[in-house]
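Enquirer: Take a look at the following structure, please.
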Amino acid sequence: MAQRDADKYLYVDKNIINNPLTQADWAAKKLVWVPSEKSGFEAASLKEEVGDEAIVELAENGKKVKVNKDDIQKMNPPKFSKVEDMAELTCLNEASVLHNLKERYYSGLIYTYSGLFCVVINPYKNLPIYSEEIVEMYKGKKRHEMPPHIYAITDTAYRSMMQDREDQSILCTGESGAGKTENTKKVIQYLAHVASSHKSKKDQGELERQLLQANPILEAFGNAKTVKNDNSSRFGKFIRINFDVNGYIVGANIETYLLEKSRAIRQAKEERTFHIFYYLLSGAGEHLKTDLLLEPYNKYRFLSNGHVTIPGQQDKDMFQETMEAMRIMGIPDEEQIGLLKVISGVLQLGNIVFKKERNTDQASMPDNTAAQKVSHLLGINVTDFTRGILTPRIKVGRDYVQKAQTKEQADFAIEALAKATYEQMFRWLVMRINKALDKTKRQGASFIGILDIAGFEIFELNSFEQLCINYTNEKLQQLFNHTMFILEQEEYQNEGIEWNFIDFGLDLQPCIDLIEKPAGPPGILALLDEECWFPKATDKSFVEKVVQEQGTHPKFQKPKQLKDKADFCIIHYAGKVDYKADEWLMKNMDPLNDNIATLLHQSSDKFVSELWKDVDRIVGLDQVAGMSETALPGAFKTRKGMFRTVGQLYKEQLAKLMATLRNTNPNFVRCIIPNHEKKAGKLDPHLVLDQLRCNGVLEGIRICRQGFPNRVVFQEFRQRYEILTPNAIPKGFMDGKQACVLMIKALELDSNLYRIGQSKVFFRAGVLAHLEEERDLKITDVIIGFQACCRGYLARKAFAKRQQQLTAMKVLQRNCAAYLKLRNWQWWRLFTKVKPLLQVSRQEEEMMAKEEELIKVKEKQLAAENRLSEMETFQAQLMAEKMQLQEQLQAEAELCAEAEEIRARLTAKKQELEEICHDLEARVEEEEERCQHLQAEKKKMQQNIQELEEQLEEEESARQKLQLEKVTTEAKLKKLEEDVIVLEDQNLKLAKEKKLLEDRMSEFTTNLTEEEEKSKSLAKLKNKHEAMITDLEERLRREEKQRQELEKTRRKLEGDSSDLHDQIAELQAQIAELKIQLSKKEEELQAALARVEEEAAQKNMALKKIRELESQITELQEDLESERASRNKAEKQKRDLGEELEALKTELEDTLDSTAAQQELRSKREQEVTVLKKTLEDEAKTHEAQIQEMRQKHSQAIEELAEQLEQTKRVKANLEKAKQALESERAELSNEVKVLLQGKGDAEHKRKKVDAQLQELQVKFTEGERVKTELAERVNKLQVELDNVTGLLNQSDSKSIKLAKDFSALESQLQDTQELLQEETRLKLSFSTKLKQTEDEKNALKEQLEEEEEAKRNLEKQISVLQQQAVEARKKMDDGLGCLEIAEEAKKKLQKDLESLTQRYEEKIAAYDKLEKTKTRLQQELDDIAVDLDHQRQTVSNLEKKQKKFDQLLAEEKNISAKYAEERDRAEAEAREKETKALSLARALEEAIEQKAELERVNKQFRTEMEDLMSSKDDVGKSVHELEKAKRALEQQVEEMKTQLEELEDELQATEDAKLRLEVNQQAMKAQFDRDLLGRDEQNEEKRKQLIRQVREMEVELEDERKQRSIAVAARKKLELDLKDLESHIDTANKNRDEAIKHVRKLQAQMKDYMRELEDTRTSREEILAQAKENEKKLKSMEAEMIQLQEELAAAERAKRQAQQERDELADEIANSSGKGALAMEEKRRLEARIAQLEEELEEEQGNTEIINDRLKKANLQIDQMNADLNAERSNAQKNENARQQMERQNKELKLKLQEMESAVKSKYKATITALEAKIVQLEEQLDMETKERQAASKQVRRAEKKLKDILLQVDDERRNAEQFKDQADKANMRLKQLKRQLEEAEEEAQRANVRRKLQRELDDATETADAMNREVSSLKSKLRRGDLPFVVTRRLVRKGTGECSDEEVDGKAEAGDAKATE
């Protein structure tokens, strides 16, 4: 029952899926997916398509809705409902994936494969799918054999670890509450069950139990209830389970990350603290409560929400389970009580209350009961505890001072103490669990790591803990993306596979850099660490710095919704997260009252003091408070003795974790949360869709489908699957790649299913599983055949033994019977008595012979002894040689071991030296960087000095100007003020430069951090080298094993040592050479060791020099500080000068006549300036001298270090040469050993061949005997059951007729299926051609789209340029012509143009987005069609394989029928032979009977004669002589008769034996015939069923093909419609592009006009400046120039308007008719008339100049104000000048046209004509462009023609294919004819069976005659027993009986000979 419930939650009900009604409904309604707000996507049927939109009818309510085509997604057929692997879906889109997950979730199927990983949805209820029975179900199964499950993922990881010897990791990722922790527990449960060394279910090992019990303990102390999850892990853990070589668990290790210790003191609403607090308060007994001073829930301040319960969980029971788990873990009771005391102490810490005293801010403790409880529980003194909190000792300078704490500080200290205590306890617990799990002494070969880390958290406001958790999840998701998308595709490219790199756009590095980047700009964690070093830094300053540094980052935003609450927002992969930076600095530093820490370390409780043993690592409050105010941000670096922040520690932990994960093979489990209400059976589609998008599920499925996820190395592929292709690879050596190519050809795999790389074979998903199934089937067949051979061999052996026993028993019985007959016979007794006497006379002769034999034997013995002595001496010599060889081998092994040890030492020393070299190199690089920084700073200082000198010179020139111009005008005074402003700007620049210097110092610190990262990378390299060393050690072990095997082989080859003497001598010579080489190598090693010592000395020297350099660097830093001080002095002097300048100004304003005092002041200032210059020059010289000295020292140190490095490299090269020589020698020795082993293997191979031949002969002999016995049995059975056979024959005839009918029907069905197949193939070919067409069209569309995109980019660039120009024009127009109405009008026009441009740009963007959507949709559909094509190809190949199999079956049937016919012929021949034998025996019997009758008659005559003789007794004497003669004659006759009788009896016995054999043979033949008939019937039935099955499968496949064909036709139609739509879109886009180009040209013309205006304004501004510099007398000329400028502006405006109109008119007319020159001339005349009108307008404008003159007068009044603004405008003018230069570069042609226009204004008609001609040239260029476009169109037409030709060629190919199919049909007809012939042969066999019946009848007659003969023989035997025969006859019979044994043996031999002859 339980199993049935589990199956419900594992397997899919196939009956519901394979419902034909749903299939028909889907096909008829054209069902698709439509977006829905409620359920994500909704099913609907496609009714009508109207342009870009489609009308659909919703399936739920029948409403008709208009939807955009791009929003519609295809629906999969119903047979793909609830599919186990979403990679199998034909239509892969968001809607299908969501629907599949939803259907499975509602059916209770929570696990679903998604390509290479597994998706799990939290069911929020218990499911019966985790029992031991389920574990056993999944144990050792392949992935495709079982439904999706976490056990299947774990089993694949475990099997791949065992098979590939590669470390594995299982990463459970997802949001909080998605089920990661539960799946982690199931993984551990499965591994503990499968990999346990205790295989019995009841007896589980202690280690496995402890591993299972580690989770409940960690959950109790580290998990808590949150809003999203009732059992949320508030820490991360990485569980590493170690396995030995055999796959058994040998230990485990747990690493934890980022415990949320703040939860111990406060919790959010409706949340709990850690479970253990509630477990303890609920589950502790009364005695324990009193010992631990426990109180109710509401008495504890740290339990913010009181007693919050978890539904379905009892805290009391959980407490007992936790205590039991700790007992199983081996934690003693004392430590358990210590843990509980610490937990109670943490709760009591929250009850300590502080109050503020009245007069001061000092805190006090009015009630110390809670403190007393805490001190009692933790074993510390109360007074010391209260003193340490209220007045702690803080280090100030070198002294310690007691400082009173405020209430806030005391509260903070208590909370920090509670958090730190809980954290220390948790660390101790993890350490204790690791100690318990790592106690085994067995070495772990590999491990499986299980990662369970806190999921992604998005609360309303998030803190520092959430940032760390989300940062971790970002890194894990990046690892997933990297392994799934980047590494996968990189491996394809590295292996040389044809692959287009797909960018899925899932790079999360920007977000990771935002958090972790150390510099350039620094990330959030780096900024947080930097702020921790500033004493006055706050969370607010940290946020400001973050916004300043990262404000422009794309993943950083300011909060929009929660502006008042949140500080900043980060865009993570899972969404936007708002962060509140409250107490982040404190959380990052994590300070603690070190007075209390030392007090706890000195606790009387051993457990508490053990917890606080690492007091030195704790950051004290004095360290935080005592940070120097001068500490720069760049000084932040973690050295020894300095504290490390939480962020740094976590970054390092995370880096280690990511490194271990990268070194493993990851298996991803993506956990998904269905809803936030924690309700079972409810699924929020939008929530699930967001998680699927974030997790990259669709991309993972797509790369799994498109890529080749399964890959096998060549050697492994050949080794594993060569059984499937036995004759594909020829014998001998072959390259692995070539072998794999041959194997794949033999396997007949489709080329689309695999790719062959450089070292591996890559397969698509599911191909390897299919190969594994075929391999399993092959192995089962081979094993079954092997078992059958073994059983047959054993049966034959037993039968032969039984036969031998039977013959022996018969011989014994006969001999016993003969002895019983002879033992009472007197002659026999006499014979036994006389026989020994006869031997006495022979004994002397025998003794003589024996003596001679003895002499010969003694001689032989002496010779043998001599030989033995010689052999012993030879053996002794051999043994001595053997001992010598053993000693030499031992010596060699010892030498090798010593050499290996020396090599290992050398490698270790080499690694140490390399590390030292790396450190030195790193330090040298640091020194070089410092020197570079110092040089750069020097250059900057020199530049500053130069700038100061320049400033001083400028000030001097300003003073001179002041003295010269102070009398003339007050305007120059204002100018001097402006110069002062400029100086202030320069001061600001200097300040900015100072900031830049500080920033560079921060960059220096970041470089230092980068150097630290480099050191980490070096550590990674070290790890790699260690791994290399381990590999070398493994090689050494292998070599030792090989040596052991060599010794074994040497022992085996001792018998053949005489043949190997020469080789041994050669080996000895080689050994001697090796010894010489080893001695040389030892000398070289000693020399190398001496060099190493010298290098160590040099290293010490280098270290000393480095210290000296460091001291010099410190001196340089001091010099730098002094230079900074001097610079500050210079700045102060500069300020003083500025103040004096201001004073001078005031004096100038007061007194204009005091020039002498001013000159004196000036001379003083000049003297001061010269003094300053001299001091600066002196300082610069000294600085340069110091830098030169530093350079010299630094260069010397670098040279020395380079020499040391070169020496180490030489030593390294020598060592590597020695190592290579040793390895080459080892390789030579191994080659020689291999040659010896090959010789031995060849000998063994020959011996095995001979044994195999013998076995084959024995098998043939036994088979012959078996065939003989079987034939005998057949004859017997044929005799007994011929009638049954006749009935069976009749039945078989009827069945054969039925089979013939069925066969004909099947053949017709086959023809139909073949015709359908031909149609399908034609359709496929047509589809393939259409697909090619669509692909070509797609490529063309892609090209067009790319052109469109390029045009769009150009437009965007032009628009952006125009917008920038417009903005600049706006600024310039606003600044220069703010008072002019023309500028306002131009501004309005610009705004209108910009608005229209933006509108058009938005329209273009919308059109582009639409095109992109259609492109992506078409791409997806193309991918789906490609997948469908692959399926179609696979089905076709499967059908072809089935057809081949069917042909093979037919051929096998023919072979079987031929075999049966042969056997039948043999049986008939044997039956005929037996019949002839039986007839001959019957004749012999008749003759014997006749002889017997004659003998009886003769006996009667003898009796009568005897009676006559008795009657004539009286006449005895008369006729004695006659009687004796008669007697002799009678005796002779009796003897003859006796011999005849004996012969007859022998013949009778033989006939009886033959009869018995015939009966047995008949029975065997009959049984065999029955069996054959039954077998044939069964085979015919099976074949018929198989044929019916195949026909049904073919029908189903035909149905599928028809459906797929209809789908493909629909898809083709849709593609054609989409192509039409695309073409229309492209046409519209082309039109829009043309319009945009026209509009851009218009804008360019407008910009030219604006540039003219800008040029005019610039020139006017320059002229105004010139006029302002000159006297007021030149105002009149300026007015005239202004009038001219205004006239030119008006003329330019008019010319602009005129040019615009002319351009528009010209464009219109050229569009109408481009080739008409006459019209152009008319247009020219019209334009000339227009120019005349423009001249008239000029005259009108001249009238308006008077008004402008009035305005200019007003402007003259404003000139004074403008003079003040001119200086501010200068900087803008410089910027504008730069912009103008850029614009001049870009617009040279525009300037030329401007000049033409200006000349056109001056020289009226001629210039206009030239301008018009230039425009005509432009128009001609446009015409050229259009002709080019037409040429491109003609090219496209040619391409289309080429496509048409290709299509025609494809049509020809299709015709050829059709002809081929016709040939195949003809072949099938030929096969039908052959089958008909076989039927006729079967009828002939039936006729033969009738003949056989006749023979059977004759056999029956023979058996009846044999029975009669048997009766007669039995009567003869009875007569003999009665004694009716005379005495003489009986005596002869007795004499004859002594030889019966030998005769019967002879008969047996004769029979055996006959049997061999028949065989």
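A Cβ is built for glycine as well, from the same backbone N, Cα and C atoms used for every other residue.
The ATP binding site annotation in Swiss-Prot covers Gly174, Glu175, Ser176, Gly177, Ala178, Gly179, Lys180, Thr181. Residues or ranges marked as coiled coil by Swiss-Prot: 837-1925. Sequence annotations record features per position, and here Swiss-Prot assigns compositional bias 'Basic and acidic residues' to 1122-1148, 1694-1704, 1947-1959. Here Swiss-Prot flags 27-77 as domain 'Myosin N-terminal SH3-like'. Annotated domain 'Myosin motor' per Swiss-Prot: 81-776, in sequence order, evidence recorded as sequence analysis. Here Swiss-Prot flags 779-808 as domain 'IQ', drawing on sequence analysis. What Swiss-Prot lists as region 'Actin-binding' is 654-676. Per Swiss-Prot, region 'Disordered' is recorded for 1118-1168, 1694-1717, 1879-1917, 1936-1959.
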Enquirer: By the DSSP assignment reduced to helix, strand and coil, which category contains Gly174 (ATP binding site)?
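Expert: Looking at the DSSP assignment, Gly174 (ATP binding site) belongs to a strand.
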Enquirer: Please list, for the domain 'IQ' (779-808), how many residues fall into helix, strand and coil according to DSSP.
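Expert: Across the domain 'IQ' (779-808), the residues distribute as 30 helix, 0 strand, 0 coil.
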Enquirer: Report, as numbers and ranges, which residues of the same chain sit near the region 'Actin-binding' (654-676): CB under 8 Å and 6 or more residues beyond its ends.
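Expert: Distal contacts: 101, 105, 114, 116-122, 124, 150, 153, 156-157, 160, 164, 166-180, 183, 228, 238, 255, 257, 449, 451, 455, 471-472, 475, 479-480, 483-484, 682-684, 687-688, 691-692, 695, 697, 1016, 1020.
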Enquirer: Per DSSP, how many helix, strand and coil residues does the region 'Actin-binding' (654-676) have?
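Expert: Tallied per class, the region 'Actin-binding' (654-676) gives 9 helix, 8 strand, 6 coil.
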Enquirer: Let's see if you can do this one: DSSP helix, strand and coil counts over the domain 'Myosin N-terminal SH3-like' (27-77), in that order.
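Expert: Helix, strand and coil residues of the domain 'Myosin N-terminal SH3-like' (27-77) number 6 helix, 30 strand, 15 coil.
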Enquirer: Excluding Gly174, Glu175, Ser176, Gly177, Ala178, Gly179, Lys180, Thr181, please set out which residues of the same chain place their CB within 8 Å of the center of the CB atoms of the ATP site, keeping sequence order.
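Expert: For the ATP site, the extra neighbours are Asn122, Cys172, Asn229, Gly455, Cys671, Ile673.
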Enquirer: Taking the Cβ of Glu175 (ATP binding site) as the centre, count every other Cβ atom within 10 Å, in any protein chain shown.
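Expert: If we count other Cβ atoms within 10 Å of Glu175 (ATP binding site), we arrive at 26.
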Enquirer: List every residue in the same chain as Gly177 (ATP binding site), at least 6 positions away in sequence, whose Cβ is under 8 Å from its Cβ.
Expert: Asn122, Thr226, Lys228, Asn229, Ser232, Gly455, Ile673, Lys678
Enquirer: Taking helix as H, G and I and strand as E and B in DSSP, count the residues of the region 'Disordered' (1879-1917) in helix, strand and coil.
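Expert: Its residues divide into 39 helix, 0 strand, 0 coil.
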Enquirer: Relative to the Cβ of Lys180 (ATP binding site), which residues of the same chain, six or more apart in sequence, are found under 8 Å away?
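Expert: For Lys180 (ATP binding site), the qualifying residues are Cys172, Thr173, Gly174, Ser233, Asp452, Ile453, Gly455, Cys671.
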Enquirer: What average pLDDT is reported by the model for the region 'Actin-binding' (654-676)?
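Expert: PLDDT averaged over the stretch: 90.
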Enquirer: Is it possible to get the count of other C-beta atoms within 10 angstroms of the C-beta of Ser176 (ATP binding site)?
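Expert: For Ser176 (ATP binding site), the count of other Cβ atoms within 10 Å is 22.
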Enquirer: Under a three-state reduction of DSSP output, how is Gly179 (ATP binding site) classified: helix, strand, or coil?
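Expert: Gly179 (ATP binding site) sits in coil per DSSP, no helix or strand.
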Enquirer: For Gly179 (ATP binding site), write down the residues of its own chain that are at least 6 apart in sequence and whose Cβ falls under 8 Å from its Cβ; none is a fine answer.
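Expert: Val120, Ile121, Asn122, Cys671, Ile673 - these are the non-local Cβ neighbours of Gly179 (ATP binding site), listed in sequence order.
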Enquirer: Do any residues at least six apart in sequence from Thr181 (ATP binding site), in the same chain, have a Cβ closer than 8 Å to its Cβ, and if so which, in order?
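Expert: Listed in sequence order: Glu219, Asn223, Asn231, Ser233, Asp452.
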Enquirer: Ten-angstrom check, please: count other Cβ atoms within 10 Å of the Cβ of Ala178 (ATP binding site), all chains counted.
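Expert: For Ala178 (ATP binding site), the count of other Cβ atoms within 10 Å is 25.
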